[in-house]
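Lifted from Swiss-Prot, the feature list:
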- 4-242: domain 'ABC transporter' (DOMAIN)
- GLY40, PRO41, SER42, GLY43, CYS44, GLY45, LYS46, THR47: ATP binding site (BINDING)
- 210-330: nucleoside 3',5'-cyclic phosphate binding site (BINDING)
Amino acid sequence: MGDLSIQNLVVEYYSGGYALRPINGLNLDVAAGSLVMLLGPSGCGKTTLLSCLGGILRPKSGAIKFDEVDITTLQGAELANYRRNKVGIVFQAFNLVPSLTAVENVMVPLRSAGMSRRASRRRAEELLARVNLAERMNHRPGDLSGGQQQRVAVARAIALDPPLILADEPTAHLDFIQVEEVLRLIRELADGERVVVVATHDSRMLPMADRVVELTPDFAETNRPPETVHLQAGEVLFEQSTMGDLIYVVSEGEFEIVHELADGGEELVKVAGPGDYFGEIGVLFHLPRSATVRARSDATAVGYTVQAFRERLGVGGLRDLIEHRALAND
């Protein structure tokens, strides 16, 4: 089993004609035998990253190396072999076949890999016993609790003993007793040389992680001094899909606010002049920037943290910012 290395990963997709990058320049190194938690709210790129690691989604650029093999370059039979033998995925919705029993669900990847029916059933029974479902193996998913279904999904994911396990929100929709069962099982999976990557927004899972990766940075609200930025015409202040912690107010010149489109073009949203501000929504809600901003002419802008913006410019609560209320005079 090997190490996992993610190098300058960029994932881009299109929504409503606009280009979005939920993952933009991610770098991450994970040693074999590690349990990694991807922490962040919905929409921050956790599931997108798991899809790339699983060979389901191809990134725009960058590399994902597992055991020294760049999986972003795999195609055809090599990619199919990676998906079947190198990675196991535990989906948030379990993805169990309703008409099959627990043991039959676990047998699916084994049979697909060419194992005989007798051997695959024996292996499936061993796995279900390992996750404490020996007495429920002949029950269909509809007769199992949420926690039991999740354990069947885990047993299926490790059926071919893959060195990489990916789990997407494994504690979603489970009660506290079921959560405890799943947490213990996931921790056991990372023992040895296997790499386990878990996407979650559940902070209860963090203590058992070897490493926590915050996909949405937790910017601290501070009263640090405003940052003045001078740009020449054509220079970019920030790019669409990047993260930031400053709200900008134009003091001189003009800035273009543009959406990057799926066809590589741009859509002008607004020209901001002296007294205008922009970039507040992403900062307030810890979202990626929704547009690219560049100087239309030689221009100057001042960047404020949320707290400094409220205090120094007379803006009160979130509603004032979201409704883009006019700024008070200094």
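Keep in mind that glycine also has a Cβ here, set from the backbone N, Cα and C atoms.
Here the features listed in Swiss-Prot are placed on the structure.
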residue	record	contacts (Cβ under 8 Å, 6+ apart)
SER42	ATP binding site	HIS201
GLY45	ATP binding site	VAL11, PRO22, ILE23, LEU215
THR47	ATP binding site	GLN92, ASP168, ALA199
ASP210	nucleoside 3',5'-cyclic phosphate binding site	SER34, LEU35, VAL36, ALA190
PRO274	nucleoside 3',5'-cyclic phosphate binding site	VAL250, SER251, GLU252, GLY253
SER290	nucleoside 3',5'-cyclic phosphate binding site	GLN240, HIS259, ILE281, GLY282
Neighbour count (Cβ, 10 Å) for PRO226 (nucleoside 3',5'-cyclic phosphate binding site): 17
Largest tally of Cβ atoms lying within 10 Å of a Cβ, found at which of the binding-site residues GLY40, PRO41, GLY43: GLY40
Length of the line joining the Cα atoms of VAL258 (nucleoside 3',5'-cyclic phosphate binding site) and GLY40 (ATP binding site), in Å: 27
Residue among binding-site residues PRO226, THR242, VAL306 with Cα closest to the Cα of CYS44 (ATP binding site): THR242
Nearest of the binding-site residues (PRO226, THR242, VAL306) to PRO41 (ATP binding site) - Cα to Cα: THR242
Distance, GLY43 (ATP binding site) to VAL306 (nucleoside 3',5'-cyclic phosphate binding site) (CA atoms, angstrom): 22
Neighbourhood of LYS46 (ATP binding site) by C-beta distance under 8 A, where only residues 6 or more apart in the same chain count: LEU38, LEU39, GLY40, ASP168, ALA199, THR200, LEU215
DSSP-derived class (H/G/I helix, E/B strand, else coil) of PRO274 (nucleoside 3',5'-cyclic phosphate binding site): coil
Mean predicted confidence [pLDDT] for the domain 'ABC transporter' (4-242): 87
CYS44, VAL258, VAL306 as binding-site residues, winner by CB count within 10 A: CYS44
Rounded Cα-Cα span from GLY43 (ATP binding site) to PRO226 (nucleoside 3',5'-cyclic phosphate binding site), Å: 30
DSSP three-state assignment (helix, strand or coil) for VAL258 (nucleoside 3',5'-cyclic phosphate binding site): strand
